[in-house]
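Features as listed in TrEMBL:
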- 1-21: compositional bias 'Polar residues' (COMPBIAS)
- 58-166: domain 'NADH:ubiquinone oxidoreductase-like 20kDa subunit' (DOMAIN)
- 1-23: region 'Disordered' (REGION)
């Protein structure tokens, strides 16, 4: 078992170097610098996500469960923040009512750029069980631009972690600089 762990540790640096590699090959010096800068910035953002938990219903219990020792999001660089000014990811979990929609939007507007949104659960995705109620917003995507949808009622902690991994892939593909230099 110990050798299996040591072989796993030795294989990790190659996966890190693969994460920094990009499919697009730079053609000149300026493109090489911009591509390298894109890779470094996206790698840093990918490894330090600070979500704002906007738990409105029972899905927030699963969000708290995902941060407990069994899943341990701290080792992935995911540290929950209480202030939207310190967060770069908003996780909306639960039923968004019409009265709560302005508060959700206000918290989103206070977040610094770049910012991402994860919609967690059936209620946040499309209204869920309360879809036909007069006081429920039929999906948080009517208020905010959503990047990742996590289905389920309530979704499991594994589904939340999978959604976070998908968001990390999306962040990794994001270009920070513009490729203004062309031949």
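The backbone N, Cα and C atoms fix where each Cβ goes, and this holds for glycine too.
Across the domain 'NADH:ubiquinone oxidoreductase-like 20kDa subunit' (58-166), DSSP classifies residues as 49 helix, 16 strand, 44 coil. For the domain 'NADH:ubiquinone oxidoreductase-like 20kDa subunit' (58-166), the model gives a mean pLDDT of 86.
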